[in-house]
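Novice: My questions all concern the structure below.
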Amino acid sequence: MTESHIDFRRAKFLISAPDIAHLDQYLPGDVGVEIAFAGRSNAGKSSALNALTEQKSLARTSKTPGRTQLINVFELDSQRRLVDLPGYGFAQVPLAMKNKWQQALGEYLQKRACLSGVVVLMDIRHPLKDLDMQMIQWAVASEIPVLALLTKSDKLAQSAKMKTVNEVRKALADFGDWVLVEPFSALKGTGKPKVLSILNEWCHPQWLRDELDTAEQSN
């Protein structure tokens, strides 16, 4: 079966949920394909989502990091969704709330069967903090591929940018093919075609291809 191209510009807001338990209440079960976006509260997650979907306000950007406490779900089509997870690791958030978020993030990564890939966004100037590594480890332990996206790459000169990209790739090399590392700039559009190509591939996991092949053969 030929792999179709997903038009990420068609993404539209579906629901918000305070945690994974409520997510199951709002969505039609743990089915279809989900791609999650996770990152520290200042990693530029909302800006990246808006740039990738070419929508200025699909994901609301906040001038106060740590404000996004909800899981926000955006629908690509009847089978595919983008999931904007709460930002983590912001110092001004109360410890109890911070721990609750981190527990919810871990639950989502470990228990969500329809999760096809995770984009872990990191400011290219401050990559691989402890919580970033924890997110990557959780995902890989659950056999979920990861795209480590180094955001705000326009903030560095080309030589410094590639030096950081290579250092991060080396640091994550033990994860093998489970983790890809790419630079990205929401402002300049740097890396956008590569990221969309990876997301498109994740939108077509093998189980879905097999399911569609079976449906085609029965018609």
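Cβ from N, Cα, C; glycine included.
The feature domain 'EngB-type G' is assigned by Swiss-Prot to 31-205, with sequence analysis given as support. The GTP binding site annotation in Swiss-Prot covers 39-46, 66-70, 84-87, 151-154, 184-186 and rests on sequence analysis. Swiss-Prot lists Ser46, Thr68 with the feature Mg(2+) binding site.
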Novice: Distance between Leu70 (GTP binding site) and Ser46 (Mg(2+) binding site) at the Cα atoms, whole Å?
Specialist: 13
Novice: Measuring Cα to Cα, how far is Ser46 (Mg(2+) binding site) from Phe184 (GTP binding site) in Å?
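Specialist: The Cα atom of Ser46 (Mg(2+) binding site) is 13 Å away from the Cα atom of Phe184 (GTP binding site).
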Novice: Can you tell me whether DSSP puts Asn42 (GTP binding site) in helix, strand or coil?
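Specialist: Once the DSSP labels are grouped into three classes, Asn42 (GTP binding site) ends up as coil.
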Novice: Hey, what's the Cβ neighbour count for Phe184 (GTP binding site) at 10 Å?
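Specialist: 28, counting other Cβ atoms within 10 Å of Phe184 (GTP binding site).
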Novice: Might you list, by sequence position, any residue in that chain lying six or more from Gly39 (GTP binding site) with a Cβ less than 8 Å away from its Cβ?
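Specialist: In sequence order, Lys45, Gly87, Tyr88, Val120, Leu121, Met122, Asp132, Thr151 meet the Cβ cut-off.
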Novice: At a 10 Å cut-off from the C-beta of Lys152 (GTP binding site), count the other C-beta atoms across all protein chains.
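Specialist: Cβ-Cβ neighbours of Lys152 (GTP binding site) within 10 Å number 24.
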Novice: Count the other Cβ atoms sitting within 10 Å of the Cβ of Ser46 (Mg(2+) binding site), across every protein chain shown.
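Specialist: Cβ-Cβ neighbours of Ser46 (Mg(2+) binding site) within 10 Å number 22.
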Novice: Note down the number of other Cβ atoms within 10 Å of the Cβ of Leu70 (GTP binding site), including every protein chain shown.
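Specialist: Leu70 (GTP binding site): 15 neighbouring Cβ atoms within 10 Å.
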Novice: Can you tell me how many other Cβ atoms are located within 10 Å of the Cβ belonging to Asn42 (GTP binding site)?
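Specialist: A 10 Å sphere around the Cβ of Asn42 (GTP binding site) contains 15 other Cβ atoms.
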Novice: Within 10 Å of the Cβ of Lys45 (GTP binding site), how many other Cβ atoms can you find? Include all protein chains, please.
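Specialist: Cβ-Cβ neighbours of Lys45 (GTP binding site) within 10 Å number 26.
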